[in-house]
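Undergrad: Found this in Swiss-Prot, in case it helps:
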type	residues	note
DISULFID	C3-C26	disulfide bond
DISULFID	C9-C23	disulfide bond
DISULFID	C17-C23	disulfide bond
DISULFID	C22-C47	disulfide bond
DISULFID	C35-C54	disulfide bond
DOMAIN	1-61	domain 'Disintegrin'
Amino acid sequence: NPCCDAATCKVTPGSQCAEGLCCDQCKFMKEGTVCRPARGDWNDDTCTGQSADCPRKGIYG
């Protein structure tokens with residue numbers, strides 16, 4: 001993984017993240033980027049722009 005220094009188990013200089021649904025090419029995806037599409041009665045889950053995690057909103061559409 002080019003975003004992760006295997007020797008230190010930390011992200012490489014200039015990288016924000018190494019993995020996650022909201023991580024793309026070592027950077028956090030923009031706020032509002034759909035990271036988990038709507039399913040059934042649930043709305044899309046979107047990235048915050050501040051984390052590599054895809055938060056579950058748990059809001060009905």
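Start at 1 and count along the chain as shown; that gives each residue its number.
Backbone N, Cα and C atoms are what each Cβ position is placed from, and that goes for glycine too.
Small disclaimer: the values here were computed from a predicted structure and weren't measured.
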Undergrad: Helix, strand or coil for C47 (disulfide bond)? Use DSSP.
TA: coil
Undergrad: Within the domain 'Disintegrin' (1-61), how many residues are helix, strand or coil going by DSSP?
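TA: Summed by class, the stretch gives 0 helix, 16 strand, 45 coil.
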Undergrad: I'm trying to understand the geometry here, so how far is the Cα atom of C3 (disulfide bond) from the Cα atom of C47 (disulfide bond), in Å to the nearest whole number?
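TA: That comes out at 19 Å between the alpha carbons.
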Undergrad: Give the residue from the disulfide-bonded residues C3, C47 that has the most other Cβ atoms within 10 Å of its Cβ, counting over every protein chain displayed.
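TA: Result for the most crowded candidate: C47.
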Undergrad: Using other CB atoms within 10 angstroms as the count, which residue among the disulfide-bonded residues C9, C17 scores least?
TA: C9
Undergrad: May I ask for the distance between C22 (disulfide bond) and C35 (disulfide bond), taken between their Cα atoms and rounded to an integer number of Å?
TA: 6
Undergrad: If you draw a 10 Å sphere on the Cβ of C22 (disulfide bond), how many other Cβ atoms land inside?
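TA: Around C22 (disulfide bond), other Cβ atoms within 10 Å: 25.
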Undergrad: Taking just the CA atoms, what is the gap between C17 (disulfide bond) and C9 (disulfide bond) in Å?
TA: 12
Undergrad: When the Cα-Cα distance from C9 (disulfide bond) is computed for each of the disulfide-bonded residues C26, C35, C47, C54, which gives the smallest value?
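TA: Checked the disulfide-bonded residues C26, C35, C47, C54; minimum Cα distance to C9 (disulfide bond) goes to C26.
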Undergrad: Using a 10 Å cut-off, grab the number of neighbouring Cβ atoms around the Cβ of C26 (disulfide bond), all chains included.
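TA: I count 18 other Cβ atoms within 10 Å of it.
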